[in-house]
Amino acid sequence: MQMENFAPFMFGALVFIMLIGFPVAFSLAALGLASGFFAIEMGWFPASFMANLPLNVFGILSNDLLLAIPFFTFMGAILEKCGLAEDMLDSMGQLFGPVRGGLGYSVIIVGFILGAITGTVAGQVIAMALISMPVMIRYGYNMRYTTGVLAASGTITQLVPPSLVLVVMADQLGRSVGDMYKGAWGPSILQVLIFALYTFALGIVKPHHVPGVPKSARTKTGFQLWMQCLRGIIPSAVLIFAVLGSMGGLPFMDSAIATPTEAGAMGCVGALVLAAIHRRLTWDLCWQAMVGTMRLTAMVVFILIGSRVFSMVFQGVDGAKWVEHMLTGLPGGQVGFLIVVNVFIFFLAFFLDFFEIAFIILPMLGPVADKMGIDLVWFGVLLCVNMQTSFMHPPFGFALFYLRGIADTLYKERRIEKPVLSNDIYLGAIPWVLMQVLLVAIVIFVPQTVTMFLEKAEKVDIDKVKIEMPVDEPVSGEATMPGNTPAPGLPAASGAMPTASESAAADTASDKAAADEQKKIDELFKK
């Protein structure tokens, strides 16, 4: 086998291993090590090449940026369990309930707000389904719409800052986390609007699918209802502003006073304060949050180590050149590249988690996109928009699995009268997946949805840059420094330039003075 054929073989083996269901972290490491030893045996690179592996592993573990992941995870776990979702859904449901699709609007809005606080899809889908599904079914909402809006609103978390996916994207693409967060605000807000417009249109075309809740079902009205809504939203908004604003992750805020790690630590403190305000801060709550954080962080670190082993060997056999040659040769230029990449990511998301895609595939695509002149912040946000569909793909989407389990639990507890069929869950997800795909297309063809909040760097034409040194005119032909000071080592001439012999003598005197000065410095250090 020739070395130029080994990179495609490694890539095919990678896809095969991921599809058959082996744990990705260990499969990647095993494939990378086996390929590395084979390459050494074939003489494609020396054995000392693999000696860099320990340095790569320690480099991963010492990456300060990745420390933000456990902090944001712990913050989300605390907020997920302290009752924020329950309070918000109750108040928003009563506020929007009488409107057609009002419960759907409340789920979408609360999903967006919780996404900016918790950052966890599983907890968000479970919490909202436990609270909202019985209410929506009781008041006659269509089953497919109910399951679809609950699952889709939970996946907004992947796109709304401070999403963990965006932190990983920033690390893998070598860009600022704050810029990645700023770029994600436009698509995340646009996605909420698309979901709300679909609900509004459904209320016009099929009003019986999203009926309004009777006013008699509202336990609070007027000023009391608005105060309940504000009590649930204002503390959360303050926490969002403090965490994202401190790291420059909010639109129109260009300065950052904290790193992502420091902002995450501050968010953890804020989450504990909010839990204490809701009187739900207990040792058991903290223990569950720490266990969940430990599991997620360990998974991320092992996936990252495995992907680094694979990518090191893959690049050693010129895999990066093979990927670049294959993708840059696509017809259509940048648009063709983006379409092929997004279709590939869309189908890969059927089987892989977003962490796995970000750590394995993104290092191959990032350099190619950069070479083609694509803004990497925009590219990262685009792939993040695409990867959120991984939670919604029938029948493999994790959000659908969470919803399936919650629906069974609610039926067993008699909180809903009829069982929720898997067919309703899968068919109900299809319109929302199509809306997510529509958002991908909008981001591709309207890049301003991402770049409008980013700081515009001033463009400088290198060819037109001129460097000029200020020089004063010499007095009476005398060689001078700025300020008419005689130049050192040159005689003060009066109306004539020094001769060659005078210049040589001046150079000799200057060298002797420099040698004497160096001798004094050496003696000083010896003492």
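Yeah, the Cβs are placed from backbone N, Cα and C, and that goes for glycine too.
Here is what TrEMBL records for this protein:
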- 499-508: compositional bias 'Low complexity' (COMPBIAS)
- 509-527: compositional bias 'Basic and acidic residues' (COMPBIAS)
- 474-527: region 'Disordered' (REGION)
- 6-34: transmembrane segment (TRANSMEM)
- 55-79: transmembrane segment (TRANSMEM)
- 105-133: transmembrane segment (TRANSMEM)
- 145-168: transmembrane segment (TRANSMEM)
- 188-205: transmembrane segment (TRANSMEM)
- 225-245: transmembrane segment (TRANSMEM)
- 257-277: transmembrane segment (TRANSMEM)
- 298-317: transmembrane segment (TRANSMEM)
- 337-365: transmembrane segment (TRANSMEM)
- 377-405: transmembrane segment (TRANSMEM)
- 425-446: transmembrane segment (TRANSMEM)
Can you tell me which parts of the same chain pack against the transmembrane segment (257-277), counting only residues 6+ beyond its ends and a CB-CB cutoff under 8 A? 64-65, 67-68, 70-72, 74-76, 78-79, 81-82, 84, 162, 167, 177-178, 235-236, 238-239, 242-244, 246-247, 249, 285
Recorded stretches the transmembrane segment (377-405) and the transmembrane segment (6-34) touching, at least 3 CB pairs under 8 Å: no
Do at least three CB pairs under 8 A connect the transmembrane segment (6-34) and the transmembrane segment (425-446), leaving out pairs fewer than 6 apart in sequence? no
Beyond a gap of at least 6 residues from its ends, the CB atoms lying under 8 Å from the transmembrane segment (105-133) belong to 72-73, 75-77, 79-81, 84-86, 88-90, 92-93, 95-97, 99, 146-147, 149-164, 188, 192, 195-196, 199, 233, 236, 239-240, 244, 391, 398-399, 402-403, 406-407, 409-410, 416
Where among 55-79, 188-205, 225-245, 298-317 do we find the most Cβ pairs under 8 Å to the transmembrane segment (6-34)? 298-317
Sort out the residues at least 6 away from either end of the transmembrane segment (298-317), same chain, that have Cβ-Cβ distances under 8 Å to it, and list them. 3, 6-7, 10-11, 14, 24-29, 31-33, 35-36, 39, 44-45, 49, 52-53, 56-57, 60-61, 66, 69, 168, 355-356, 359-360, 363-364
